[in-house]
């Protein structure tokens, strides 16, 4: 293998690096990132081009179906995914959140089984957030993450086994513009994965778990194959046994739903299951079929987990995972306790109970919460109905899901002006916070992240594009959408602190709700607003 100095030729860091971050951005770690980038970025870019070609097919009216060329994989009942790894046998309640130091300590102190530390949808990828997040996880794995903020101390509870740490890197479509390799920005996925793995793979095993990841936004089994290739090279490079890494794939695109068997197959030695990424999944359905009037959906609140296309997706995911011996994880409870209204809080928590009961009865092996206060509700439900560490033995052989089931858009409900305003408020609220560097935002007692903002703006685009008529009898056109956008932005800005970014958010959102331009992802659209790339500095001189 080439020397570190040789590998680092052509590698530049454009973001500032302070003393605490130098232990992360070491020459050897950056050389590891460069190795990953040079090995896999051409394939990553080719797969992103493949996404565009697939979208063009969908725009022409070609509907997705199970792949004929991989039928042999789906019909072969003998192959299995990897056995559950240490710390991943029982995953009944997982908490998720960004990687700021306070969140890391609070999550690891929560009464849950795992913590998904998120560099993706609940983090705004400022350079500071991404690198400080790596510092915090480096310290957390080593149980050295305690800190003091003002008069308050944050300390890990070391009197018990801590939740297993799982890291979610950014999706394949996102870049890290603050590090360039041979003149091009690094893949955000490889940056996030590479730094955590390089520094903490062996230490995580020493602590009794391992280098575990949640893998987002995949649209095909070929993208899972790329992750598996990355895992193999990464393990080979540091001298770690293949199969030590585990990856749980978030099935959050409609195209991935048709390739669940194949995704597990590609990752099988590293697979720790699939997860129902519900909000991104709804976003994907709207996004992929946005040109097709047969896929127009009503207000976001009408799209529950029991509508036909969502119910089919859940059942197929559980059946597929358990057939292959891997975990089938449930979705997010995004509610936040309502402290000043007991009746409203009771109603919200009853909704959480009903959702978690649906999941455990369906056969899920665990579920997600966004707030520690919801953990006990989920624990009580899963402990009562799942006395075993998981439900891998629940085969769901009764399930028969085909193409029509996954594409059944029979969703009761209407489009209302209230629904439009709610979408605008969520979209503006999230985008404004994201531009300020905050990726996880409480709005109306729900913890909103990028996925829910994507649903909001995609629905608005779809309704305008197809000239939907509201329940009040108003046709939704460009002028109407922009009028309501202006009103919502003015109202939010008036009630926000000075220096807020609502008008800037409104400018971006205005280009996304008229049924004309449509950015692939809001995060890609807004990324340049939060980059601070300065003059390039050779990585070898950091």
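Start at 1 and count along the chain as shown; that gives each residue its number.
Including glycine, each Cβ sits where the backbone N, Cα and C put it.
The following features are taken from TrEMBL:
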type	residues	note
DOMAIN	10-72	domain 'Malate synthase N-terminal'
DOMAIN	164-408	domain 'Malate synthase TIM barrel'
ACT_SITE	168	active site, proton acceptor
DOMAIN	415-530	domain 'Malate synthase C-terminal'
ACT_SITE	449	active site, proton donor
>> Give me the CA-CA distance between residue 168 (active site, proton acceptor) and residue 449 (active site, proton donor), in Å, as a whole number.
In response: 14
> Averaged over the whole of the domain 'Malate synthase TIM barrel' (164-408), what is the pLDDT?
Replying inline: 97
> Of the residues in the domain 'Malate synthase C-terminal' (415-530), how many are helix, strand and coil by DSSP?
Replying inline: 70 helix, 8 strand, 38 coil
> Mind checking how the domain 'Malate synthase N-terminal' (10-72) divides into helix, strand and coil residues in DSSP?
Replying inline: 41 helix, 3 strand, 19 coil
